[in-house]
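Undergrad: Attaching a single structure in structure tokens format; questions to follow.
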Amino acid sequence: MIDRRKFITKTALGTVAVGTLYSCVDNGIKPHDPQQKNGAVKEGEKKVKKPVLISTWNHGLPANEEAWKTLKNGGSGLDAVEAGVKVAEADPKVSSVGYGGWPDRDGKVTLDACIMDHEFNCGSVAFLQNIKHPISVARKVMEKTPHIMLVGEGAKQFALEQGFKEENLLTPEAEKAYREWLQKSEYKPVINIENHDTISMLAIDENGDLSGACTTSGAAWKVHGRVGDSPIIGAGLFLDNEVGSAAATGLGEAVIRTSGSAMVVELMRQGKSPYEACKEIVERIHKIYRNRPDLEYLQIGFIALNKQGEYGAYCLRPGFNYAVYDEEHGNRLIDGEYEIS
Ligand code: ASP
């Protein structure tokens, strides 16, 4: 098993663009400020911070970089989150998203993704195979069909009709990892390592509009046909442009069970800050799992961004980090605060 720290270093080196200096520390910024802890700031009381990007894990850094460029070139928040997460989808070294993603127990790479804009438009694909950019297919579902979600063969057929190319997404490295796993064929959703690390990205753009994207190859070695939280609007991703946005990473079953991202947004609607809202849902999940044998393997992280451009995150255990990009502090990686060690 690859040590998490080594894995982060390797992945960061593998994905960070040459010439760009990323900080792996907070640059003095707290993931939340005390004012936020006392509840969300009402619009009008404080200047809205925008644009702001927040995305999960260290592969969020290069993703944010691309998304920021897209915003600065006049792209919408939706364009930005799509362009951003595509960086992770295309990176063969990111073993939990898109090309290079680790396969299911039958050796097939199956992908889940969803996207949502500020007008409740959303699109999603699940159990999609052999298409490198599921997030772009999800956007097409949103824009070209009266539906929200397409799965499996139907999703692939739709993608091909839309001009996407079929390709093999199983890299030699992923195949090697699969062959090693096959020797024991033991499924354990081991926390905080390369077998599941979805990229979710939330944006508030120059207009103050929210958007979000979420894409993953899901849990490695999962049962063929398993779909996680990531393509499910309300679970892996949710936003309401009047309130805020939220997204999840970690064990998808726990997020689906609690309608995680939708709940984070509802808590922000009730006045909680992004940090407080994420924390409350993590605590709820922890309570549900307290007496379950799978608590041992459970990791869950939420990120949230509200209508004022304030962000926050919270996770169950140490090891989760997220990338934030804003005008004031640039792009940086922040360790998530956690519930239990
Ligand atoms: N939430 C994803 C899933 O369960 C995996 C992850 O983010 O770690 O498919």
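All residue numbers here begin at 1 and follow the chain in the order shown.
Yeah, the Cβs are placed from backbone N, Cα and C, and that goes for glycine too.
Any TrEMBL annotation is an automated prediction that lacks curation.
What TrEMBL lists as active site, nucleophile is Thr198. Feature annotation from TrEMBL assigns substrate binding site to Arg226, Val227, Gly228, Asp229, Thr249, Gly250, Leu251, Gly252.
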Undergrad: How far is it from Arg226 (substrate binding site) to Thr198 (active site, nucleophile), counting Cα to Cα, in Å?
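TA: Checking the Cα atoms of Arg226 (substrate binding site) and Thr198 (active site, nucleophile) gives a distance of 15 Å.
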Undergrad: Suppose we draw a 10 Å sphere around the Cβ of Gly252 (substrate binding site). How many other Cβ atoms does it contain, all chains included?
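TA: The answer is 28.
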Undergrad: If you measure Gly252 (substrate binding site) to Thr198 (active site, nucleophile) at Cα, how many Å is it?
TA: 10
Undergrad: Rounded to a whole angstrom, what is the largest C-alpha distance between any two of the residues Arg226, Val227, Gly228, Asp229, Thr249, Gly250, Leu251, Gly252 that the record assigns to substrate?
TA: 16
Undergrad: Work out how many Å separate the residue listed as 'active site, nucleophile' and Thr249 (substrate binding site) at their Cα atoms, rounded off.
TA: 6
Undergrad: Across all protein chains in the structure, which of the binding-site residues Gly228, Gly250 has the highest Cβ count within 10 Å?
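TA: Its Cβ has the most other Cβ atoms within 10 Å: Gly250.
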Undergrad: Which has the fewest other Cβ atoms within 10 Å: Val227, Leu251, the binding-site residues listed?
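TA: Per-residue Cβ counts within 10 Å for the binding-site residues Val227, Leu251 bottom out at Val227.
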Undergrad: Should we count any of the recorded positions Thr198, Arg226, Gly228, Asp229, Thr249 as near ligand 1, judged by a CB under 6 A from one of its atoms, and which?
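TA: Only Thr198, Gly228, Asp229, Thr249 meet the Cβ criterion.
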Undergrad: Tell me, by DSSP, whether Gly250 (substrate binding site) is helix, strand or coil?
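TA: The three-state answer is strand.
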